[in-house]
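Noted in TrEMBL for the protein shown:
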- Lys33: N6-(pyridoxal phosphate)lysine (MOD_RES)
- Lys33: active site, proton acceptor (ACT_SITE)
- Arg128, Met290: substrate binding site (BINDING)
- 221-343: domain 'Alanine racemase C-terminal' (DOMAIN)
- Tyr242: active site, proton acceptor (ACT_SITE)
Amino acid sequence: MSTGRLIIDLDAVVANWRALDDMTTCRTAAVVKADGYGLGAANVVKALFKAGVRQFFVAVAEEAIAIREELGPKPDINVFSGHMKGDTDLIRELRLTPMLNSVEQLTQHLEVLPGHPFGVQLDTGMNRLGMEMQEWAAVAELALSQGPTLVMSHLACADEPDHPMNTYQLDNFRKMTDGIGAPRSLAATGGILLGPEYHFDLTRPGVGLYGGLPFAQAAPAVELDLPVIQIRDVAEGEVVGYGNSWQAERPSRIATVSGGYADGIFRFLSDRATLYHGNQPCKVIGRVSMDLLTVDVTDAGEAPTKLTLIGPQQSVDDLAAQAGTIGYEVLTQLGRRYSRKTFGK
Ligand SMILES: *Cc1c(COP(=O)(O)O)cnc(C)c1O
């Protein structure tokens, strides 16, 4: 087999959900947008449902199809993008709960699906999704008279505990929602870690379930090993790969490894990323190409048959740091071409 091997640990996902749930006294949902942050939403929701999770969040209505297919009618499926034109059939047939983001969405929802459950998303300063203070003031009475299942907002800087934006948004959220009676939610993974005043009635962790920062204690949920296809020795002065971007400064042993930017190994990692042969770090040398990496294994001892890109030696966030990005992006770009082995519940 010449594809990379991606090992997905659903027991770790469930353990992470439980750990985050244990940090609060309120209900804990699970965010499974972007195909469960790249791990496979159907498998992830099945494991979490077994563990007792009854409320899921997706970004767009289409993402709910796989979840309903897997779990049937029981769980609540909430949609962050709300009720867009064209979503009505899916929202009705799959019994989805849209988080309405604007007066327009609220009006449209009440008009085309009267009596159908909905939530409301408020903007408390991030300026991305949700009704602002004045809009909410204009429609709150109407919206609340229809019994929304949730009133929520989202924190922009929750991964930085000391950022003044956190208390600013918390204050705004309280101003907009204190006394309303409907269940409230403000915290994603970062918000859970900020402490009880951010928890309200429901938290919505995503990345922490999948082993990513800012949940530093998370159990890792993925491992990625890439097979070595070929090994060659190059003399001092020889060049490797596209654009001749690397030249050997000593006699070197180069492994050509299956995996490239088409698999979510960013081209920016050219001459940057580290892979591991056991505990021995081996640098990517030359360009990351579509399907292949070249790696300096001169110091790896015996010729490796595979190299680890994500594993105990190097977390998703370690790799993200080398690529100038965040764990979220590494996870959601994990290639579709890998041989995926999902184990656990
Ligand atoms: C993605 C998202 C979440 C989950 O955030 P994490 O940082 O992954 O825990 C929660 N709420 C909203 C509105 C989101 O867009």
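Counting begins at 1 with the first residue displayed.
The backbone N, Cα and C atoms fix where each Cβ goes, and this holds for glycine too.
Remember, TrEMBL labels are computer predictions, not curated facts.
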Exercise. Any idea what the Cα distance is from Met290 (substrate binding site) over to Tyr242 (active site, proton acceptor), rounded to a whole Å?
Worked result: 11
For this session: Sort the residues of the domain 'Alanine racemase C-terminal' (221-343) into helix, strand and coil with DSSP and give the three counts.
Result: 22 helix, 50 strand, 51 coil
Seminar exercise, completed: Counting other CB atoms within 10 Å of each candidate's CB, the least crowded of the recorded positions Lys33, Arg128 is Arg128
Seminar exercise, completed: Taking all protein chains shown into account, the Cβ-based neighbour count within 10 Å for Tyr242 (active site, proton acceptor) is 13
For this session: Would you kindly give the Cα-Cα distance separating Arg128 (substrate binding site) and Tyr242 (active site, proton acceptor), rounded to the nearest Å?
Result: 40
For this session: Quick one: give me the count of other CB atoms within 10 A of the CB of Met290 (substrate binding site).
Result: 11
Seminar exercise, completed: Across the domain 'Alanine racemase C-terminal' (221-343) the predicted model averages a pLDDT of 97
